[in-house]
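Data block below; observations after.
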């Protein structure tokens, strides 16, 4: 117990607006001689880390660890909001022995700081150490000025709301903001009909709106009291705890009649203030814990995007995809990889922040809960650095393995032949092919072209000779015709000449037809020969690569000159020679049949070996899949047992922590109650008597106000009744006047009833 800190909260200040009687005021001397503490129990909280809370940080008043049992507790019994102005400049001396030697400076945040995600929202939170440091937390300076200075009580100046709450335009703006927030957060309540309900709400609707807005905008962990007898006191306490700027304008009467037209603008201003705080809180950057969670989510999203891009590339490679689409998918994979590397690099650069910021945050929270040792946080920090060192070690091992693989690849590349040598060999082969084609051009194509030119020139000369012979024959024919015409002949000679001429003409036509037919046959033979040569060249172009693949070249044939011995033919030698035929010693069918049969045998052997190897590998693959499936099942089973064990350990740890915490809190509460009963009995009695006097005076004042209000309501009611009677008479007179003008008989209500009664008596 001596190593624990006792944490007490100050007594709640009185909420009454009446002045405090002088008999109830204790002097500073009397207060210092009777230091008593009344522990105000905080409301039950449900700590859920759903989002950052705006609750003020819980402050502790820890006594000295050297002598905790003998430390006195200085707690104010009454306080006013203006008392802290004087107390801020004074330092309360600790009553614990050795306080000046064991004083410890605090780094507690100021009272207006936003608390961390696990801070408890307790009324009048304060942490005041008995080691000589004065706390600056809310509610730490609760003595009124009169009690600190020993003078009479003086009420501080109220906080006046500077907003134009009576302006119709500003009221509409506040209603719009509150209605928008209620709709966005899903508010529902009996009698709530949207924007129109904010014109004249009920008291229950205001309380429902306050609880909903406070829970969703300020502190989602706060649990309201289940006792609905005095909800305005809880609302007043919350406004005081959260330092509502216009707290001087807020009273219990205002909160108890929040729906009245007189008080509704001020209560609407309270709701609008909380909504404005919520809007401002969205602009506050997240703490280190939230930043770490967002960083993990960002890395997970980038990893999923990279995996999706890689999957898309694999799918596109198996399907029919254009080159442009494939390049776009590859660019997408590269971009995702670059983003992931950049995020991982930034994550590695912020490892120190990710490790130390949450560590300091949680240690500071536990420090304000009264703990000086943080073994859990230190263990988590050590685990973090151990995991970090393990990851760095794995990365180093991966880089070393990559280095070894690169060295092996380099050695392998150095051991094989250089690509330059292969390229030079290909170049020599191409140069040899070029020489062969040059030889083919010079030895075959050029002589053939020269022969064709010689033939053409000879045919041209023959044509010219034939042309000269034809001209000579024509001139001879003309001479003979002239001689024949000049000679005299008998009819028998003319007939003989005519018959000879006809015979010669027929012979000439026959010879011309034979010449033409011979020319046509020669053209067709040349065309067929050209086609056969072209088809042969095409077949040789197909045959040469196949022959080179099966190892046919060079072909061993007999010598063409008839000399003894053999010669070898390459692909270029298979083209047509000068004689228009293949090599005389070449027989492609006989030479190729053996080579093709041998190639088929080799292919069959290789195919059989490949099939056997495929079957063997398939069997090994099936065995590996079965072993992998069994290992996965074992892994799942072990994981399940591990999760169950972890849950059991966590549950046991949680129960142990709860029991320990409950036991410690119970012990501290019992000690506080014991000290409070022993030291503050007479002071509480005097305070109760003073409070009773106040309440009786307040009751008398309220009874008088109620009586005056009832008398005023009675007078107004009588005047309203008289006005209604006069109005009824005027209406009846007007109706009679209109009926008289129209000639219609008007029966008054009393006369009609009398007439109906008379008719009933006659019937009886």
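Every residue gets a Cβ built from N, Cα and C, even glycine.
Here is what TrEMBL says about this protein:
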type: REGION; residues: 1-165; note: region 'Disordered'
type: COMPBIAS; residues: 24-37; note: compositional bias 'Polar residues'
type: COMPBIAS; residues: 61-71; note: compositional bias 'Polar residues'
type: COMPBIAS; residues: 82-94; note: compositional bias 'Polar residues'
type: COMPBIAS; residues: 102-134; note: compositional bias 'Polar residues'
type: DOMAIN; residues: 157-282; note: domain 'Kinetochore protein Ndc80 CH'
type: COILED; residues: 319-346; note: coiled coil
type: DOMAIN; residues: 347-414; note: domain 'DUF5595'
type: COILED; residues: 382-416; note: coiled coil
type: REGION; residues: 481-500; note: region 'Disordered'
type: COILED; residues: 589-648; note: coiled coil
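Outside the coiled coil (319-346) by six or more residues, the chain places 298-299, 302-303, 305-306, 309-310, 312-313 with a CB less than 8 A from a CB of the stretch. Look at the region 'Disordered' (481-500): DSSP puts its residues at 16 helix, 0 strand, 4 coil. Across the domain 'DUF5595' (347-414), DSSP classifies residues as 61 helix, 0 strand, 7 coil. For the domain 'Kinetochore protein Ndc80 CH' (157-282), the DSSP counts in helix, strand and coil order read 74 helix, 1 strand, 51 coil.
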